[in-house]
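I'd like to ask you about the structure that follows.
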């Protein structure tokens, strides 16, 4: 049985890498550090850092904290968090992902220009909470591209100028499906960009938004900006190919991970013999037995952008030692 470890489309993204690196440096220096929320949506990695001295706190605890240092994770935070920090004399170590920080700026400018901001994402995801905070929490969050959730679309003002953006880790096809359905919905209520045949919304760039904000040419009434992180979305096709190339897939990620859910579904669609775990104690021996009763020929180990590479190596090592490995893979 060959064990193949995916190093090209699995493991921490750049934003999470930066956060973990800073957290480790701070902990090495002082042995203690507060983190607002889980530093990453991976329980195993959180426990590793907590063992080094990190303390994870929630918003109520953060609001009671005084004169301490607090890490802001890659997901980012709304303006209210920074206001609390100033009020409570808290030193903020801000590791917001640059892609997320740029998106927050875009959301803020669109809101200031009077746009109703629609966010394709998950309402309680910390990144979305941070983005919506830039809109005074007035953004409309939609998770279902088919507009099937009436509660999600109920707040929409179909006569107002509107901009569509996205949580950085959502799926690209879903974003464009949502755009298409919003175009149809708004057009049915008589709101479309002048000169468009079927109510197409117009793509805008940062320079367009900045220009209007500084008194330049006005943007169309109905616009969209694809803000999905391409470093994340580019993994989709690679991971699909990886899943197809192996008899069995063991996908390691935290169950809180939004990206993990998306990537696992890609693996599962490509290869029905794909299994989700958080750690090695969930691995089952029957996964590695083929329909002929013999061991499968290959097992692929992969994970999410929030999965540390050391955990994937641990999984490969465990499977290799427990069930056998003839690939010559040094990680197994």
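Glycine too: its Cβ is placed from the backbone N, Cα and C atoms.
Feature annotation from Swiss-Prot assigns active site, proton donor to 127; the stated evidence is sequence analysis. The [4Fe-4S] cluster binding site annotation in Swiss-Prot covers 13, 97, 229. The feature (2E)-4-hydroxy-3-methylbut-2-enyl diphosphate binding site is assigned by Swiss-Prot to 41, 75, 125, 168, 257, 258, 259, 306, with sequence analysis given as support. If you look up Swiss-Prot, you'll see 41, 75, 125, 257, 258, 259, 306 marked as isopentenyl diphosphate binding site, on the strength of sequence analysis. What Swiss-Prot lists as dimethylallyl diphosphate binding site is 41, 75, 125, 257, 258, 259, 306.
Just tell me what is around each of these and how deep it sits.
Non-local neighbourhood of residue 127 (active site, proton donor): 75, 76, 100, 121, 167, 168, 169, each in the same chain, at least six residues away, with C-beta under 8 Å from its C-beta.
The Cβ of residue 229 ([4Fe-4S] cluster binding site) lies under 8 Å from the Cβ of 13, 15, 99, 168, 169, each on the same chain and at least six residues away in sequence.
In the three-state DSSP scheme, residue 125 ((2E)-4-hydroxy-3-methylbut-2-enyl diphosphate binding site) falls into the coil class. Taking a C-beta cut-off of under 8 angstroms and a sequence separation of 6 or more, residue 125 ((2E)-4-hydroxy-3-methylbut-2-enyl diphosphate binding site) has the following same-chain neighbours: 75, 167, 258.
Around the Cβ of residue 259 ((2E)-4-hydroxy-3-methylbut-2-enyl diphosphate binding site), the number of neighbouring Cβ atoms within 10 Å comes to 26.
Of all Cβ atoms in the protein chains displayed, 26 besides its own lie within 10 Å of the Cβ of residue 41 ((2E)-4-hydroxy-3-methylbut-2-enyl diphosphate binding site). In the three-state DSSP reading, residue 41 ((2E)-4-hydroxy-3-methylbut-2-enyl diphosphate binding site) counts as coil.
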Please report the distance from the Cα of residue 41 ((2E)-4-hydroxy-3-methylbut-2-enyl diphosphate binding site) to the Cα of residue 97 ([4Fe-4S] cluster binding site), rounded to the nearest angstrom.
14
In sequence order, which same-chain residues at least six apart have a C-beta under 8 angstroms from residue 97 ([4Fe-4S] cluster binding site)?
13, 14, 15, 16, 18, 19, 74, 75, 76, 168
What is the maximum Cα to Cα distance, in Å and rounded to a whole number, among the residues 41, 75, 125, 257, 258, 259, 306 annotated as binding isopentenyl diphosphate?
14
Counting all other Cβ atoms within 10 Å across every protein chain shown, which of the binding-site residues 168, 257, 258 scores highest?
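Highest number of other Cβ atoms within 10 Å: 168.
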